[in-house]
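Report on the following structure.
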Amino acid sequence: MINIIWVAMTVIGIVFAMVNGRMEEVNKAVFEGAQEAVTLCIGFISVLVFWLGLMRIAQTSGLLDKLSLLFTPLMKKIFPDVPADHPALGYILSNMIANMFGLGNAATPLGIKAMEQLKVLNGGRNEASRSMVTFLVINTSSITIIPTTVLAIRMNYGSVSPAEIVLPTIITSLFATTCAVLIDRYMYNRKNRNRVK
Amino acid sequence: MQIISTVSLWLIPIIIVAVLLHGTWKRVPTYEIFVEGGKEGIKIAVSIIPFLVGMLVAISIFRASGALEFFVGLLRPFLEFFGIPAEIVPLAFLRPISGNAALGVTSDLIATYGPDSFVGRLASVMQGSTDTTFYILTVYFGAVGIKKMGNALKIGLIADFIGITASIVIVTLIFGTI
C-alpha cells in the first residue's frame, strides 16, 4: 500500500508540474527534499542518543521493571483471560513501558514474545484470541510519554518551546487508548452475546 | 492552560533526575551505561535516512508541482466548516499506514508552517500520539503466525480515527487556532 502511495505522489506531482509549467521547481524539490531528509536524521541523533542512553540506565537499574509493577493491577483488569502469574503479562507490561518511553526498538521484540505467550494460552491456534486483539489495539493506539523524534524535529526548526506538546500528546494518546480498549471490550461482549443466542 | 505548558516543560527534566538518582542508588555505572545505550541512538537515526529521503522527495515534488495545493484546495471548504486545517489531511491519512512516511509529512508540515503554528503543533501531537496500525498488525501477528485477525484491524483503525480527531480537539483547546 505504501508503495502505491509513494509512486502516486511522485508521478501525480510530476504530471501536475508538466501541466502547470513548474518543472524548474520540481527539479529543485528533488534535491532539496533529499537534503532536508538527511539533515533531519542527523538532527535526530542528538535526541535519540541522549534519550536511549538515559533509558538504558533506567533499564539496568530496574526502574522500568518497577514501573511495570505499578501497572500490574490495571493490566489484570484489561486482560481478564490471562492468568495473573503467566509470563505473557510480564511481556505485555514491559512492551507497554518501552513504548511509553519511546523505546520502539526494545518494544517490538517484547511485543512479539507477549504474542507468542498469548498464542500458547490460546492452544496454539492460528486465530487471534481475545487477549491478542486487546494487546494489539493497545499497541496501535500507543500510549506515549516522550515523543522523541517529534521533539527533535521541533528543535531542528527552531521552536520557541519544543516540549510544549508533551502533555497534549500524553492526553491525546491516553484518550485514544482508553477508547480503543472500551471499543474492544464492547465488540467482544457483543460477539459473545450473539453466540449465546 | 498555564499548567499544561508547565507540566510539559518539567516532565523531561524530572524523568532525567529520577533515572540518574535511581541508577546511582542501585550502583549502576551510570555514565558507562548511558554511553552504551546512546550508541543505539546513532544506529536508529542513520537507519531512518533512506525512509525519510524517499518520502520527503516525493512530498517535495508533490508540493512544488502545485498538486498538493490543488487537492488541499478541494478539501478546504468542507474541512474548514469543522475547524480542521486541510493541510493536515495527508498526515492523518498516512499515519496508520507508515510511521516513517508520516514522520516525513510531519517534518514537512513543521518546516512549512513553523513548529509553533497551529498546523505545526497539530502535526506534532498527531505524529506522537498514535502508532502505525498496519505495521504493528503485520509484525506482531505475522511473527507468531496468526491468520485470522478478528476485529483487530477494525478496532485499530477506529482508534486511529479517534486519536486523530482527539488531537485536533485537544490542540485547539490548549493552544487555540493561531
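Each Cβ is built from the backbone N, Cα and C atoms, and glycine gets one as well.
Listed features, source TrEMBL:
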type	residues	note
TRANSMEM	B:7-25	transmembrane segment
TRANSMEM	B:45-66	transmembrane segment
DOMAIN	B:46-147	domain 'Nucleoside transporter/FeoB GTPase Gate'
TRANSMEM	B:155-175	transmembrane segment
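Counting residues of the domain 'Nucleoside transporter/FeoB GTPase Gate' (B:46-147) by DSSP class, helix then strand then coil, yields 80 helix, 0 strand, 22 coil. Taking Cβ pairs closer than 8 Å, the transmembrane segment (B:155-175) reaches residues 1, 4, 83-84, 88, 92, 95-96, 118, 121-122, 125-126, 129-130, 133, 136-137 in its own chain, all 6 or more past its ends. Remote same-chain residues near the transmembrane segment (B:45-66) are listed as 90, 100-101, 103-105, 107-108, 112 (criterion: CB distance under 8 Å, separation of at least six residues from the stretch ends). When averaged over the domain 'Nucleoside transporter/FeoB GTPase Gate' (B:46-147), pLDDT in the model lands at 90.
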